[in-house]
Amino acid sequence: MKTAGKLVVLGSINADHILNLDSFPSPGETVTGNQYQVAFGGKGANQAVAAGRSGASIAFIACTGDDDTGERVCQQLQRDNIDITPISVVKGESTGVALIFVNGEGENVIGIHAGANAQLTTERVEAQRDIIAGAQALLMQLESPVESVLAAAKIAHENHTTVVLNPAPARVLSDELLALVDIITPNETEAEKLTGIRVENDDDAARAAKALHDKGIETVIITLGSRGVWASVKGEGRRVAGFRVKAIDTIAAGDTFNGALVTALLEGSSLDDAIRFAHAAAAIAVTRKGAQPSVPWRNEIDDFLSQQG
Ligand code: RIB
């Protein structure tokens, strides 16, 4: 029996150590930053927070270490309206860490220590079978072991739970996994990794979308940065523009887009309306610093949308 509108996110939790600097260092160079911040992040947690703050009924399958960071992350996730019952605390492990440089243009480079995220095993996924089977949608990324992503997708598929995959960070995926995905949301780099097609314009995006449809995926949404997204359903594609804002930090913009997109789809919005809602959430996020500190609440997204023509 499905719980109406219930979303399950499976993914990573990180503590982000963020250094803002004018420009990225070259190999062998040392640069001094102008601001340092530690904030909660991880693609899974960011997407869960985006869904929780934008109004979804959501549970989160993840792992933390048995450390102070893990404890504080879980307290914050609860304040963000997330059911943390499926989060495992892994003994003897540390919570994941991301080391992030942000340059003067708001671009970032990221290095990850997986820590407890690597312990999100297929056994831990199997232990959450009922919650995945009972959900309307399962949202995942690729900062968790890929065999666990596959195991969760199989459970979802068998139980008619919609599988949404944000294939980030970029990696090659098996046809077996792709065939279980209902909605995929790569950026240009990830789309190229999955299809071999370099995405530089709408025609390329349409070809990459077709390649992903050919793998068995019904809905393909390729995010194109400031150009919006290419949205393609069963081969019928069009570009949906985003909102123009002054970006100061793009960390978690994609995560915010994904969490908000699935929230709106579960509320019954059309694909175009859900994309507009997700664009608004991401537009707000890029005007703020950090990952989870930048993710907007529902009232902020609604206010933003009501101010657009
Ligand atoms: O997508 C942004 C996230 O990627 C950061 O929060 C960092 O933790 C990395 O996982």
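Just so it is clear, glycine is given a Cβ too, placed from its N, Cα and C backbone atoms.
Fair warning: this is a prediction, and the values are worked out from it, not measured in the lab.
In TrEMBL this protein carries:
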{"type": "DOMAIN", "residues": "6-297", "note": "domain 'Carbohydrate kinase PfkB'"}
{"type": "BINDING", "residues": "ASN14, ALA15, ASP16, GLY42, LYS43, GLY44, ALA45, ASN46, GLU143, ASP255", "note": "substrate binding site"}
{"type": "BINDING", "residues": "ASN187, THR223, LEU224, GLY225, SER226, ARG227, GLY228, GLY254, ASP255, HIS279", "note": "ATP binding site"}
{"type": "BINDING", "residues": "ASP249, ILE251, ALA285, ARG288, GLY290, SER294", "note": "K(+) binding site"}
{"type": "ACT_SITE", "residues": "ASP255", "note": "active site, proton acceptor"}
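Within 8 Å of the Cβ centroid of the substrate site, not counting the listed residues ASN14, ALA15, ASP16, GLY42, LYS43, GLY44, ALA45, ASN46, GLU143, ASP255, the chain contributes GLY11, SER12, ILE13, PHE40, GLY41, GLY96, ALA98, ALA252, ALA291.
In terms of Cα distance, the binding-site residues that sit within 10 Å of ALA45 (substrate binding site) are ASP255, chosen from LEU224, ASP249, ILE251, ASP255, ALA285, GLY290. Checking the binding-site residues ASP16, ASN187, ASP249, ILE251, SER294 for a CB within less than 6 Å of any atom of ligand 1 leaves ASP16, ILE251, listed in sequence order. Residues near ILE251 (K(+) binding site) in space but far in sequence (CB under 8 A, at least 6 apart, same chain), listed by position: ASP16, ILE18, GLY41, ILE100, VAL102, ASN108, LYS289, GLY290, ALA291, SER294.
Remark: of the binding-site residues ASN14, ASN187, SER294, the most isolated position is ASN187 (fewest other Cβ atoms within 10 Å of its Cβ).
Note on proximity: of the binding-site residues ASN14, GLU143, ASN187, LEU224, SER226, the one nearest ASP249 (K(+) binding site) is SER226, by Cα distance. Of all the binding-site residues in the record (ASN14, LYS43, ALA285, ARG288), the one with the smallest CA separation from SER226 (ATP binding site) is ALA285. Ranking the binding-site residues LYS43, ARG288 by how many Cβ atoms sit within 10 Å of each one's Cβ puts LYS43 at the top. Excluding the listed site residues ASP249, ILE251, ALA285, ARG288, GLY290, SER294, the same chain places ILE248, THR250, ALA252, ALA253, VAL286, THR287, LYS289, ALA291, PRO293, VAL295 with Cβ atoms within 8 Å of the centre of the K(+) site Cβ atoms. Proximity to LYS43 (substrate binding site), defined by a C-alpha to C-alpha distance within 10 angstroms, is shown by none of the binding-site residues ASN187, LEU224, GLY228, ALA285, ARG288. DSSP gives ASN14 (substrate binding site) a strand state.
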